[in-house]
Amino acid sequence: MKCIILLAVLGTAFAQRNGFCRLPADEGICKALIPRFYFNTETGKCTMFSYGGCGGNENNFETIEECQKACGAPERVNDFESADFKTGCEPAADSGSCAGQLERWFYNVQSGECETFVYGGCGGNDNNYESEEECELVCKNM
């Protein structure tokens, strides 16, 4: 009986703690373009979006690490198991449609090297990596 009660309490606490992770990205009512992260239930990953600066909901984190801690970190190795050179390494760098200023890495097929570019925070293509190491792991090992 004590085990059942303990499991019920823990399950309720976990659901309450992470319930906001199921909320959609909400830019809020203001018009700033602040890069933030939300947990995307469709992909099971923390994804960047542009936050307006006020309003919104609790599925809104300043860093990807905060988002992953609250809602679950993806297995980075598994992210790249099905990587495709044509879509993940061949396209040119694409800044996307938002106005953020994030340093990212892309594979330049002309130079055969991973290089930096400025990512706006949303949109773009799959040739977009958080680190040089991540870019090289995917594109130089294919």
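Quick reminder: no glycine exception, Cβ is built from N, Cα and C everywhere.
Residues or ranges marked as signal peptide in Swiss-Prot: 1-15.
Annotation source Swiss-Prot lists pyrrolidone carboxylic acid at Q16.
Cβ neighbour count for C71 (disulfide bond): 22 (other Cβ atoms within 10 Å of its Cβ, all protein chains included). As annotated by Swiss-Prot, disulfide bond applies to C21-C71 (among others), with the evidence given as experimental evidence.
The annotation domain 'BPTI/Kunitz inhibitor 1' is assigned in Swiss-Prot to 21-71 on the grounds of sequence analysis. Taken through DSSP, the domain 'BPTI/Kunitz inhibitor 1' (21-71) splits into 10 helix, 15 strand, 26 coil.
Shown in sequence order, G28, I29, C30 are the residues of the chain, 6+ apart in sequence, with a C-beta less than 8 angstroms from the C-beta of C54 (disulfide bond). What Swiss-Prot lists as disulfide bond is C30-C54 (among others), and the listing cites experimental evidence.
Note on C46 (disulfide bond): other Cβ atoms within 10 Å of its Cβ, all shown chains, come to 24. Under the heading disulfide bond, Swiss-Prot lists C46-C67 (among others), citing experimental evidence as support.
According to DSSP, C139 (disulfide bond) is assigned to a helical segment. Annotation comment: Swiss-Prot describes C89-C139 (among others) as disulfide bond.
The annotation domain 'BPTI/Kunitz inhibitor 2' is assigned in Swiss-Prot to 89-139 on the grounds of sequence analysis.
The local packing around C122 (disulfide bond), expressed as other Cβ atoms within 10 Å of its Cβ over all shown chains, amounts to 17. Look at C122 (disulfide bond): DSSP puts it in coil. The disulfide bond annotation in Swiss-Prot covers C98-C122 (among others).
All chains included, 24 other C-beta atoms sit within 10 angstroms of the C-beta of C135 (disulfide bond). Residues or ranges marked as disulfide bond in Swiss-Prot: C114-C135 (among others).
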- request: May I ask which of the disulfide-bonded residues C67, C98, C122 is closest to C139 (disulfide bond) if we compare their C-alpha atoms?
  value: C122
Rounded mean pLDDT for the residues that make up the domain 'BPTI/Kunitz inhibitor 1' (21-71): 90
Message: Rank aside, I only need the closest one: which of the disulfide-bonded residues C21, C71, C114 has its C-alpha nearest to that of C89 (disulfide bond)?
response: C114
- line: Quick note, C71 (disulfide bond) and C46 (disulfide bond): C-alpha atoms separated, nearest Å, by 8
- prompt: Under a criterion of Cβ-Cβ distance under 8 Å and sequence separation of at least 6, what residues of the same chain contact C21 (disulfide bond)?
  reply: F39, T41, N59, A70, C71, G72
